[in-house]
Every structure is written in C-alpha cells, then in structure tokens.
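> Submitted below is the structure of interest, expressed as structure tokens.
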Amino acid sequence: MQANGAGGGQQQQQPPQQQQQQQGPELGCLGAQNGEASAGTAAGEQLAHANGLLPAANSPGGLSVNNGVPAAGGPGPAAAELGGGGGGGGGSALKKKKRLSQSDEDVIRLIGQHLHGLGLNQTVDLLMQESGCRLEHPSATKFRNHVMEGEWDKAENDLNELKALVHSPHAIVRMKFLLLQQKYLEYLEDGKVLEALQVLRCELTPLKYNTERIHVLSGYLMCSHAEDLRAKAEWEGKGTASRSKLLDKLQTYLPPSVMLPPRRLQNLLRQAVELQRDRCLYHNTKLDSNLDSVSLLIDHVCSRKQFPCYTQQILTEHCNEVWFCKFSNDGTKLATGSKDTTVIIWQVDPDTHQLKLLKTLEGHAYGVSYIAWSPDDNYLVACGPDDCSELWLWNVQTGELRTKMSQSHEDSLTSVAWNPDGKRFVTGGQRGQFYQCDLDGNLLDSWEGVRVQCLWCLSDGKTVLASDTHQRIRGYNFEDLTDRNIVQEDHPIMSFTISKNGRLALLNVATQGVHLWDLQDRVLVRKYQGVTQGFYTIHSCFGGHNEDFIASGSEDHKVYIWHKRSELPIAELTGHTRTVNCVSWNPQIPSMMASASDDGTVRIWGPAPFVDNQDIEEECSSMDS
C-alpha cells in the first residue's frame, strides 16, 4: 500500500463518467479506505502499516506531502481538492487547499497516532492523505517497523538515517545500546548463546557506554532457562510487549517532529483532567488516572453538596464544654474530651457513617483538653488544661487505665505526642519542661527550660517539635541533644499540627488566625482569612483526600474550611452556638468531619443527603465562574 493511502502506479478502471467526476486524489483515497493496494505498485514501495503512513505517492525518494504542498518531483495530488457545486455540469473547478496551522497539524498527528493505536490504519491513511500531513518521518516509520519485527541490523542502519534528525550526538549511542541490549536478550532467550556473546563483546562493549549495565548483562549468560532470564532481567521476553516498551524508550530520544512521543494524546487528556481536578475547590475523592473513569465531553466540577458541609449527627452525651475531638488513625473511632471530666470513645459505622457511644473514660478531674491516639490506635493519652499535672494512658480495647502519670505536682502536662514506634510519647506544658516516657509512665528523657504549648513527633523518630511561649516552634533531638529554630511568629502559637508527609505545619496564632508554614523551607506559605481567633486554644486540622483541605474552629461559633491553596474559605459551617474549640477530619473517610464546641455538643459533618445528578448540575450552573 502506498503512502498516506494514495494509489500508486496504475489506477483501477472506472466508467468514463466516474473518471471525470473523480479527479485528483479521490481514487487513491477510496482505494486506501477499502484497503486495496493499487496495481503496479513497486515492490520496494510496499511497506507495512506504521502508524498508517508510508512514503508519499509519486514522490521520488519517498518525500511526503506536507500542508497540501506537493513534494519535490511529484504532481502533488493532495494539493488540490474537488470544487463544490455543479453536480452534473462539466469539469469541476480546482481550488487550493487551505493551509493548515501548526496547531492543526499537531492535532491531526495526535489523532492519527491515537487511531493507529486502535488499529484503524486505513482511517489514518485517509486522514493523512486528505490533510496533506505526515504522521512521522519516513525514516522513523522504517525504524519503527524494523524494531517491531526484530530486524536489528536494519534498525541499526535506520539509526544512521535518523542521525541528522537527532539533536544530541550522544542520543544515537544510547539508542543503539538499547537496540543491542534487546537483540542480546532475545538471542539468549532463543538459546543462541554464541550469537549473544558476539553481540556483547563485539557490538555492545565497543560502544563504551554504561559499562556497569554491560556487566549486569554478561551475568545473564549464566541463566539456565528462559524463565530465569526474564525474571532476573525483569524483561517481558521476546515479542510485541518488550519491543513496544523498547520503542517507547527509543522515542524519547527523537524530536516529536520525527516521531511522536508514545500515547501523546492520552497523556495530554490525562493532564487536562488532572489540572481541572486540581483547580476544583471541592474535589475530595481519589484521583483516578484512568481516562475511562471520566467523561471527556464535559468539564470536571464537584458540587458543594458532595462536600462535608452538612450536619449529619449531633452528639449530646457530654454535659459541659467539649474541648477536643480526634478521629483514630484507622478512622473507625472518634474520641472526644470535655470539661465534664470524661473522654467518650465513639464507634463509626462504616456503612451509614453514623456514630454510637462505645466507651466512657472517667476520672479526669481537671477536664480533658487534649487527646492523642497511639499509632496502632490501641492506646489513647488524655491531658488536662494548664493547671493539670496529671496524664492518663488508656487501653482503648479494654477501657482500662494503664498509666496515670505525674512527675511533679508543680508540672503542667497539657500536650502529648506519640513517637512513631508507638512505644514512647512526649508530654509537657507551660511550667518549663517536657518529658519522654514509655507506656508505663517511666521517664526516659527530659528537656528542661522549655515552656511547651503544643508538641509533635516527626517521622524520623528522633525529632520533637514544640511550640513555646516565645512565639516559635523549635525542633529538639533527644539523641544528640540539639535544638534549632524552625518557625518564628510575631504572636503566641496556641496550637499546631503537621501534615502526614511532615512538610507543612498548620498553626493557630493568637489574634491572627490560621497560618500555613513550609517546615523544609522555613517560610510562611499562607494566611487563611475569615476565622476569629483570640487567645482561646483552637485546634485546626488538615483533611480530605490527599490532605487538600484545612479546617478550623472559630470564636464566632463557626467551622471554616479552606482549600489548601486558597486564602479565602470555601465553606463556613454554622450550627454551633458557642466557640468551636477543635475540628478533626476523618483520615479514612474524606467526606466526614467532627467539631467540638463550648456549647457541649459534637457535630458530625458530611455531604448533603440525597444528592443526585440533577442537584449537582443545577448547582454547577449557578456557580461563579
């Protein structure tokens, strides 16, 4: 079959009237569409389909037509098209084809590549012939065919033709290395050890490239059978799969004008979908990179009704102010601490997302202002307010108190953080020291002279972050006994929390609100607006899928939610009647959040009930652009 589907040599016989009406390229176009090779085609010009493109018809040297301009030496049938009108009259008037823009050419090539991947080669031929575009350089087409057919010597010769089209001279060496590596592995799989050894010694080694890899390849000579070779080389074996993967690697060295990068249209569409999701303020579900999971016909948008902005449940079992709430790491439980001296543990129903009371832990004489779950969720530590010198360590499964710890009646143990190993925790307060203890309350280490407001253990298992009365967060290393300044604010840091990856810190700053810091670069990233923050201790949190959102309580009785990238709130949740002290986002259920308030209640927030597609479409149509 000829290039771009155009018939070469002799045209098929048609009745005289049809011959007069089908001037120009239409005969070749129809011939390619029907998959018929034109008679008289030279054997040397009969190349197999490669992305549906072969050398241009009637063009010496295989030069192709581009943008409707005839190639050198040929009459260029693709340069003209039949004129409209006058169905039964005399000869049709020829007119010049409209010249395509570069972006139009690119789109046609992308579509052609995608259609070729679907096996619609005849359609690709017709598209290229009618548009006058070239899917890829003829030398690249030959190269592709020879690689897929395993004709390695011919593929090496093709590299010499491609040399002038490659920007980097080193790229040809790398491409040749990849070719010879595949050739070597296929010889080994076929049991042709002598031929494989010849490739290794006389072809790969003289390249003087990646000698370390050559040593690894030489080790494959000791493989006893093909399965052993494929396993050790992490290779699919001789055939289409491994050669396609090889071709993908080779394409990275060629300019896109010569050969398009693999699956370019799919990659562009995937990037567009991901960008729309990233820009969607309410997107709160796992990103699926599979294009089959989305519609490409409409823009991505999430409705506020799918977001945890609606009260699902109000927990009223506490009989005084609720100071703290925290979901367990596995998301199956919620712990709430109150001024009423109790901690209540709630069970989350995995199906209905309703909470029911599981256990009540009593006896915290000063009330409970801070709670921390152990990494495995088997234990829970409860702390009291400023004048509390005691700490309670509870076994969550049995509801029994394992340890009640107090180093001194003059201590203030108001904050606690677990070491990632789950065998130690640190605790401290504003009386001037903090401690590292084991599960039995035994003192392991202490750090004197630090008035602690809030604590956090980093994932390295060595560093403890502590906010102090000097409006800063410092890092303390218990192994080498060093400390360093990380964050410096101009106002008291009432509380802070750290993102899962340890990179970001979320601070509630007195009279200022919620601040986001980058701990690695030690810079203030963003100040979130809207929240009312005085000198009460309010605990904010990261949340949602991939921790894309931030939530905080407020002294104006509201819960505020921001997208991490936006300073303005995307939701203000009302319902509480006094200060909201703490919010906690379920780490396993992105659509569930809890808030604790001085009004004595805990509210569970979730999506709007009975959300259907019509509701989403109506809300989307009314959203601000």
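Backbone N, Cα and C atoms are what each Cβ position is placed from, and that goes for glycine too.
Unlike curated entries, TrEMBL annotations are predicted automatically.
Found this in TrEMBL, in case it helps:
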- 1-10: compositional bias 'Gly residues' (COMPBIAS)
- 1-44: region 'Disordered' (REGION)
- 11-25: compositional bias 'Low complexity' (COMPBIAS)
- 76-92: compositional bias 'Gly residues' (COMPBIAS)
- 76-98: region 'Disordered' (REGION)
- 136-195: domain 'CTLH' (DOMAIN)
- 315-349: repeat 'WD' (REPEAT)
- 361-392: repeat 'WD' (REPEAT)
- 573-605: repeat 'WD' (REPEAT)
> Report the DSSP secondary-structure composition of the repeat 'WD' (315-349) as helix, strand and coil residue counts.
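Tallying H, G and I as helix, E and B as strand, the rest coil: 0 helix, 19 strand, 16 coil.
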> Tally of helix, strand and coil residues over the repeat 'WD' (361-392) according to DSSP?
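In the repeat 'WD' (361-392), the DSSP-based counts are 0 helix, 12 strand, 20 coil.
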> Under DSSP, the repeat 'WD' (573-605) has how many residues in helix, strand and coil?
0 helix, 16 strand, 17 coil
> How does the domain 'CTLH' (136-195) divide up by DSSP, counting helix, then strand, then coil residues?
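Here the numbers are 49 helix, 0 strand, 11 coil.
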> Averaged across the repeat 'WD' (361-392), what pLDDT does the model get? Just tell me the whole number, please.
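Averaged over the repeat 'WD' (361-392), the predicted model reaches a pLDDT of 93.
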